[in-house]
Amino acid sequence: MQVGVPFQSFRECIDPNLKVLVRIDINVPINVKEGVILDDYRIEAHAATISKLAKSGMSVVVIAHQGRPGDDEFTSLGIHWRYLEKYAGMRVSFIEDVMGPAAQGAIRNLGPGEVLLLDNVRFVSEEVIERSPQLQSNTFLVRRLAPLFDVFVMDAFATAHRSQPSIVGFPLVLPSCAGLVLEKELNAMNVFSSSRRESIVLAGGAKVPDTIKAISKLLANEAAGKILVGGLVGVIFIAAKYGANGWLRKYLEESGFGGLVNDARLLLDKYGDSVAVPTDVGVEVHGDRVDVDARKIDAPVMDIGPATMDAYSSYVRGAEVAVLTGPMGVTEKKQFAEGTEAVFKAMVDDAKFTIIGGGHTIMSARKLGYIEKIKHVSTGGRAFLQFLVGEELPALQALAESKRRFWK
Ligand SMILES: Nc1ncnc2c1ncn2[C@@H]1O[C@H](COP(=O)(O)OP(=O)(O)O)[C@@H](O)[C@H]1O
Ligand SMILES: O=C(OP(=O)(O)O)[C@H](O)COP(=O)(O)O
């Protein structure tokens, strides 16, 4: 943990005599019907925090969520439990309760070095309401559970942008620390934010409005030296820079993204060369890849083109930090994974420090064989973007408040 961070580091919460409540984020892509988790990266990451706490002799209770009420992925953590055991390399018990008498009894009876996973905290209706930390610290969830613990460890970086009771409520009533995952995320982001003009951000993917907003903030805060756009985000910037005819014009009308072209144009006018836009693209014609000039698009854009791959690779060369959020193309199809592969290669070969974030980005890095070579793989999606652009995260503010209250 860097000097000057306004909250307690992980090791300051480690004490074998204490009972700890640890909030992790194991919200993962899941096939509920078959009880199968499709990507367990987050579970593996948080298992390290849990095993470290338990091996120190602490009694460890884990609280987490899966999905949102009403969606297909909203389910019990009974599926996650075994994955957590596998990665933590120790026995984990699980209870189908969050804060009722059964959970409270199991927490009270938990011995030193033992781990208990509570069920999906979003089964408690209070958890999905976002309010101030002060109000969240007065919820039933926090009032029932907090008295059973000595300390709280906040490790759920991917939920750090939510002002929910299990994120911001506990730190106001329990001495709290950052967890290992959270510390790693903050350290990586510190490397990024201290490099500023020497940083490159590659922004692709399909979350077009969110990513354009993030790009706008990065530029306004002078948080990165250059932004290289790709994916569907790149398509909007192509329309802003070169105009839209043929397929592109039709696509903008049908996708509802037409209104964003003006936003992209304003950014290009204001920040000029700070944003690099693809000069060529890979389009799909009868299932095949054809590379065309970005001014002459007449088929669906699926990737950045070879000239753009070269240009982007040379921008990455020598960068202090290169960040990739959102793939450069449709990596699900082999012939359109070339752009993303080229920028991954440039990142790991030529940038001093590398960071990636986002579910599809991580899956692409894994599929293309780059995941082990990236210096920091973020567990966050929206939290990662929010932190990247320099916005406050409620979880961190609550941890800072906890330090003021309990760690004089
Ligand atoms: N040119 C493109 N056209 C359509 N979809 C694209 C294009 N480029 C990338 N994508 C899609 O973007 C999706 C990933 O975007 P996003 O969800 O923003 O990334 P992440 O999950 O890493 O944050 C992938 O499914 C990919 O197929
Ligand atoms: O998966 C998460 O965030 P992400 O979709 O931004 O990666 C977090 O678990 C937060 O979930 P939420 O957006 O339902 O609050």
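From the backbone N, Cα and C atoms, a Cβ is placed for every residue, glycine too.
The substrate binding site annotation in TrEMBL covers D25, I26, N27, R42, H65, Q66, G67, R68, R122, R162. TrEMBL lists R42, R122, R162 with the feature (2R)-3-phosphoglycerate binding site. The ATP binding site feature in TrEMBL is assigned to E332, G358, G359, H360, T361.
Shown on the structure are the features that TrEMBL records.
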{"residue": "D25", "record": "substrate binding site", "Cβ contacts under 8 Å, 6 or more apart": "R42, H46, A64, H65, D155, A156, F157, A158, T159, T379"}
{"residue": "G67", "record": "substrate binding site", "Cβ contacts under 8 Å, 6 or more apart": "N27, I30, E73, F74, T75, N120, R122"}
{"residue": "R162", "record": "(2R)-3-phosphoglycerate binding site", "Cβ contacts under 8 Å, 6 or more apart": "E130, P394, A395"}
{"residue": "G358", "record": "ATP binding site", "Cβ contacts under 8 Å, 6 or more apart": "G205, T325, G326, S378, G381, F384"}
{"residue": "G359", "record": "ATP binding site", "Cβ contacts under 8 Å, 6 or more apart": "P29, D39, G381"}
{"residue": "H360", "record": "ATP binding site", "Cβ contacts under 8 Å, 6 or more apart": "G205, A206, G326, P327, T331"}
{"residue": "T361", "record": "ATP binding site", "Cβ contacts under 8 Å, 6 or more apart": "G205, L324, T325, G326, P327"}
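Ranked by how many other Cβ atoms sit within 10 Å of their Cβ, the binding-site residues H65, E332 place E332 at the bottom. Of the binding-site residues R42, R122, R42 has the largest number of other Cβ atoms within 10 Å of its own Cβ. Proximity of the binding-site residues (D25, N27, R42, R162, T361) to ligand 2: a Cβ under 6 Å from the molecule is found for D25, N27, R162. Filtering N27, H65, G67, R122, R162 by Cβ distance to ligand 1 (under 6 A) retains none of these binding-site residues. Across the residues the record lists as binding (2R)-3-phosphoglycerate (R42, R122, R162), the two Cα atoms farthest apart are 18 Å from each other.
Neighbours of the (2R)-3-phosphoglycerate site: apart from R42, R122, R162, residues of the same chain with C-beta atoms within 8 angstroms of the site's C-beta centroid are D25, N27, A64, H65, Q66, V121, A156, A158, T159.
Within 10 Å of the C-beta of N27 (substrate binding site) we count 24 further C-beta atoms, all protein chains included. A Cβ within 8 Å of the Cβ centre of E332, G358, G359, H360, T361, the residues given for ATP, is found for these other residues of the same chain: G205, G326, P327, T331, I362, M363, S364.
Across the residues the record lists as binding substrate (D25, I26, N27, R42, H65, Q66, G67, R68, R122, R162), the two Cα atoms farthest apart are 18 Å from each other.
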